[in-house]
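Quick look at what TrEMBL lists:
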type     : residues  : note
TRANSMEM : A:12-30   : transmembrane segment
TRANSMEM : A:56-79   : transmembrane segment
TRANSMEM : A:91-110  : transmembrane segment
TRANSMEM : A:116-135 : transmembrane segment
TRANSMEM : A:156-176 : transmembrane segment
TRANSMEM : A:182-199 : transmembrane segment
There are 4 protein chains.
Amino acid sequence: MKNVRLGMPKDRVDTVIDGVFAIVLTLLVLELKVPEGLSLQQLPGHLLELAPKFEVYAAAFTCVAIGWMSHYFFASVIIRTDFTHVALNMLQLLFISLVPFTAALLGSYIDSPVALAFFGLSAAAYALVGTLNWWHCTRGHHLTHHALSDTLVRDLTVALCAYTGGWFLTVALGFVSPRVGLGSAIVVLIVSFMLMLVMQPRIAAAQAEAESAPDFEAEQDALQVA
Amino acid sequence: MKNVRLGMPKDRVDTVIDGVFAIVLTLLVLELKVPEGLSLQQLPGHLLELAPKFEVYAAAFTCVAIGWMSHYFFASVIIRTDFTHVALNMLQLLFISLVPFTAALLGSYIDSPVALAFFGLSAAAYALVGTLNWWHCTRGHHLTHHALSDTLVRDLTVALCAYTGGWFLTVALGFVSPRVGLGSAIVVLIVSFMLMLVMQPRIAAAQAEAESAPDFEAEQDALQVA
Amino acid sequence: MKNVRLGMPKDRVDTVIDGVFAIVLTLLVLELKVPEGLSLQQLPGHLLELAPKFEVYAAAFTCVAIGWMSHYFFASVIIRTDFTHVALNMLQLLFISLVPFTAALLGSYIDSPVALAFFGLSAAAYALVGTLNWWHCTRGHHLTHHALSDTLVRDLTVALCAYTGGWFLTVALGFVSPRVGLGSAIVVLIVSFMLMLVMQPRIAAAQAEAESAPDFEAEQDALQVA
Amino acid sequence: MKNVRLGMPKDRVDTVIDGVFAIVLTLLVLELKVPEGLSLQQLPGHLLELAPKFEVYAAAFTCVAIGWMSHYFFASVIIRTDFTHVALNMLQLLFISLVPFTAALLGSYIDSPVALAFFGLSAAAYALVGTLNWWHCTRGHHLTHHALSDTLVRDLTVALCAYTGGWFLTVALGFVSPRVGLGSAIVVLIVSFMLMLVMQPRIAAAQAEAESAPDFEAEQDALQVA
């Protein structure tokens, strides 16, 4: 309980993270440029040529959206913050902020293993720092509610490690064959989406359980000092 | 009541949505470019030529503002979140983030039914996913206060379906005649504005009623865990 | 008290407004371009030539910052929202979002009364809609705490009207002489800054008084439903 | 206690500050441009040439992230706001918003003492205004919890003065030798990071102590009026 007390309220950490994610999600559209000076007859053909740009837009948006969703779900059991938690979150934002660049690079050089490596390594670095951050927050219930079950923590840790490993594997496969690498990236996204679908009700249940724990009121008061 | 308990607090969902809307509202101005290197005599004439760009700016801003207002009013009766609610919200943001592109496209090719179709279809897709999301949240009072009346839910569902249908109709009419399509878009915006004007007091009254419901305190506690 | 109950919590309105202001404040820097390809000897001279751009940056930033501060102080006595309040706030954001364009225009054509008119009229329109909004919120204590004194409301209304009139006067004076118009703009900014300095403690005192009013707890409960 | 009562809730101040920091953190990536029209063989070489741009990106991101972290830690003991606090925060944002320009300038002219002076002076100005703001908030516990210890306030004041002085020293050293100036900037960043690491637990402990102080409930009520 002492640890929880010594942590700080974390509302502003979430605000700045949500802000960066919102901006990255919105900056991706700047890669879609309106073709200028065409006749009405030429327009449909030129828009059709933009199709690959739309695909990259949708894929990058999905990546960042999944990144935000996982941050939201995992962070919802973390109720306080400290220096290390804040610093690691900032490091995660550094890699998320790179996505408009790495997505544009991959969009222009879709067959290049180097471009896929840039995209995959920034995703892997984000995931790796996120895993470290999760480990820091949860060991000894350092920054979580003390009623959070060890089973849930362990399962979420396994999920994070698998996600991180998936991105490193994607980069490696890209150097074997760019197509296989892209396929691996899609598999990583689908699997992580499915994992969140399965995990979210367990996280929500853990929160509800913590809410009804006997010393909840006291911790809640501390939380509201923000 | 069990469902409400198992949902998660939704504050960060609203934060990231408000962030994306705020950025889209502000990015629209980047389409207005200051003419360079003119004499003071030439300036007024060139600014007059920018009039159509200002019209598109005002129209796109109105569209996005109405989108945000409707999200705000509808979401105000949704008090918890779950995986599906979050995922559908992310999908809605994908279509909202496209507006700076589709608005610029329509601004450059105002007579093109294809440009109107891009604008209208992204608005229709946003509305369609929003309708699905609303249906998901309200069925069985899944994520709303249990005191929310079925009549209000039904009326708001009808309004959402009409709004969605209006955008699909607009796209179809645009292929008959671009002018008729643009007129239809304006009618959709005016009608949806009027609908919100009528519905907002009923939503506020429903909230006030829910606030004074006997088990309100308990749900409120759960809500503040965020 | 019935009116207050029927209003809705306004937290998301403030979030989207703060978001738009934050983005406008940050977009202004995009007008400052790094000169490319100079030698180390040439750099200082070229940076010196950028001085007028820095002045416009600082002036536009000050304008927007004063706009945000006044919104913050005035809105702090408004505790609920309704359709009209939200819609007028959206209209205010439309004019605030224009500032990156009108500031860049004025920066490029500092001697043009037309450029000053664009800048001044968007500021005046923002102020005019803000005055209407304030009148809507405060008449009959519609959306404010009922303990808010009529004297304070009246004095703040007078300040808003003076600010709005000041911008219209600035535009008119600009057509007499651009220099006089710019001087008038600076006077408007300094006076409004001084007015806020004088008014803020009275607003804070009114809030503190409202906090200790007997039925405060009940209204507060309503407020937290957000 | 009277002073605390007369201050206003400060939640929106933090929101707009977090918004500006989030946007500045994200705008930095716009300096990284995807090379166009290269063959797959040429791409790795050209990306290697971008290495200095990545270094500037990482350095500028670190600067802004440290700026946000220090704002977050220092502001967490400030529980109310007034006119001066808001106005000085706006002035701090003016200097933070300049970072995308000063970072790009330093990235293009890494050997120029003038470019380092632009970067260093905006950092120094931010730190200087921040120090004034801290002094304003803490003297007589004007806007802090009255249980905040004088020792902690003094130690944090010393840290802020050292940070401010470090940036002025960096600018001066840059004119002696650009390399020495860059080295000094790195030392300032590392030292300030270490200082926050040491100070954060003391700030968190002070907050926890304040939370359990006897009249905490009353102040907390006042705080929640936001």
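Positions of Cβ are set from backbone N, Cα and C atoms, glycine also.
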Legend entry - Interface-richest range of A:12-30, A:56-79, A:91-110, A:116-135, A:182-199 toward the transmembrane segment (A:156-176), CB pairs under 8 Å: A:116-135
Inset, instruction - Test the contact criterion for the transmembrane segment (A:116-135) and the transmembrane segment (A:12-30): 3 or more CB pairs under 8 Å, pairs 6 or more apart in sequence, then answer yes or no. - result: no
Inset, instruction - State the non-local partners of the transmembrane segment (A:12-30) in its own chain: residues 6+ outside its ends, Cβ under 8 Å from one of its Cβ atoms. - result: 57, 60-61, 64-65, 67-68, 71, 75, 81, 85-86, 89, 92-93, 96-97, 99-100, 103, 226
Legend entry - Intrachain residues whose Cβ lies under 8 Å of the transmembrane segment (A:91-110), provided they are six or more past its termini: 16-17, 20-21, 24, 27-28, 30-31, 52-53, 56, 59-60, 63-64, 67, 71, 116, 118-119, 122-123, 125-126, 129-130, 133, 178, 182
